[in-house]
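Written out below as structure tokens is the structure these notes cover.
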């Protein structure tokens with residue numbers, strides 16, 4: 001089974017992805033991490049984020065062992081990843097990596113921005129997570145402060161709104177809900193309630209297929 005979770009920045013999709021994967025015993029991939037890894041590689045090289053040739057080279061040289069690097073969670077790397085992820089050749093270079101991960105039995109949970117529309121359009125369950133921008137900015141600010149990083153909530157909100165617009169308007173795999181995705185509004189749900197809602201969606205889909 002493939003479970004696709006999409007949504008904008010700081011909507012809570014990553015936490016839902018991890019918890020769903022643990023619940024069902026599936027592997028989990030936060031696809032945003034792979035774009036952050038590419039972006040960090042370019043930043044470390046001092047390269048332009050729009051240098052598609054160097055970005056593709058970084059994508060092809062990805063080392064999954066680096067995905068746990070705490071530096072990938074920084075606001076700077078996140079903003080850089082949004083720029084890099086808009087490059088069509090970079091998205092193409094990472095397509096097979098993500099699809100091969102999804103095909104691993106007995107199942108996988110992938111979260112990102114184009115899982116249900118581009119990466120795994122045949123996913124068994126598609127969930128599109130949304131949350132108010134102000135709520136997302138507050139969450140992201142608390143996360144940064146918890147890591148010991150300075151964070152101004154007003155600036156974080158401005159960055160999130162800018163990133164939302166960039167993600168929705170990019171030519172390559174824009175952020176949007178798949179036609180058959182289940183909407184999950186995470187604005188006012190705590191983690192446990194959000195996870196329960198996501199599990200309910202998965203179970204409803206599974207029950208419907210068993211009745212067919």
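Placement of Cβ uses the backbone N, Cα and C atoms for every residue, glycine included.
Pulled from Swiss-Prot, these are the features on record:
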- 7, 8, 9, 10, 11, 12, 13, 14, 15: ATP binding site (BINDING)
Under 8 Å by Cβ from residue 7 (ATP binding site), counting only residues of that chain that are 6 or more apart: 13, 111, 113, 128, 129, 130, 131, 186
Least surrounded among the binding-site residues, given as 11, 15, when other CB atoms within 10 Å are counted: 15
Cβ neighbours within the same chain of residue 9 (ATP binding site) - under 8 Å, at least six residues apart: 78, 82, 136, 140, 160, 163, 164, 167
Output field, ATP shell: CB within 8 Å of site CB centroid, site 7, 8, 9, 10, 11, 12, 13, 14, 15 dropped: 16, 111, 129, 131, 136, 186
